[in-house]
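A quick write-up on the structure given underneath.
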């Protein structure tokens, strides 16, 4: 193990000088034992000097301090010992429960599985959330993105999916909190504990208050733990909240390293950085990784380079809309903007496919008629259009659903709706079976039977 000296410190960027014959490689981890800091090599500047990003605060670090090259990238604990534990980017426990006691450590920089090792995902994953199961069904071993601006419910949707899938699914889950609020991480830990699923979840946190190096690498730490479970032949769930903060940390690091910014100030290698992470999140013939990623959309602009780069890698996109949230319809999923590769009659069956397309065309027609209604009123519409508007408003309300994780705030118990009940309910609405039922009966209920019961109560 070679050692060198620190020659310059500018915030999170540290330059270290090594003997020329033992220059550290890119991504090698360097240790500053005096302050217990780890650095990751990002650039070789020549003349034996390497430029590093600090994986922690550089307070107390000064010029001339000795740095040791570990000769390998950052490595983290993997395996079942990580379950029920909270770790940071370096794999150190931060839950005050003592050492992890791992039998194996893996480097966080790994190659993506080769083409011949990868497996296609066609098996449906039921979530119990009507709008998702109907409009943008998830595949087991697929990649899903939850897109939304500030405060439209990405994290709540993510928590509900974790609750529904992780509790119903008996496999292991990994949660990577990338640059999100510490409070949310704390709430999530306690929620898992109360649901008795903590012993099946590994938690990796690099929250908002951490230096950019931690936030950039914490997603790779979580992914490495998930890859180990996958390579043991398991079906793993990987939750990442939030991919945008991963991009943002990359932007900060890129600026600190002096790279020229590209569009909207993002790093010039945005697509490559996103690809490095996303290409590793994949299923192999041994096991599967089903990943659900929250993606913050800056200023509600889906064409921003960060969300736009993420779209290309996903199998299903769930777009949360502020307009729908303003109507009080939660989950605020936009049924006309959300898509899934699984939406194919050969995968989901003809009944599901036909129902989804009819629901979407009804909502699309309602969207077109809204301007006419706003100017001329409902009376100017043809009888057929009036019927479409009435059904579309019922569909819109029936797409809402009370969540288990929001019980504390709403006071109404959460609902898990099986896929067959979801299809039957929406098919009935578009077929006109419930034309005589008032639209408010469809709001915030589970299955169609609950809507009919609510209608009876409203009529009484």
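Placement of Cβ uses the backbone N, Cα and C atoms for every residue, glycine included.
Under the heading ATP binding site, Swiss-Prot lists 148, 149, 150, 151, 152, 153, 154, 155, citing sequence analysis as support. Taking Cβ-Cβ distances under 8 Å and a sequence separation of 6 or more, the neighbours of residue 154 (ATP binding site) in its chain are 146, 147, 148, 241, 242, 294, 295, 296, 320.
Same-chain residues at least 6 positions away in sequence with a Cβ under 8 Å from that of residue 150 (ATP binding site) are, in sequence order, 296. Taking every protein chain shown into account, 148, 149, 151, 153 are the binding-site residues, and of these the Cβ with the most other Cβ atoms within 10 Å belongs to 148. In the three-state DSSP reading, residue 155 (ATP binding site) counts as helix.
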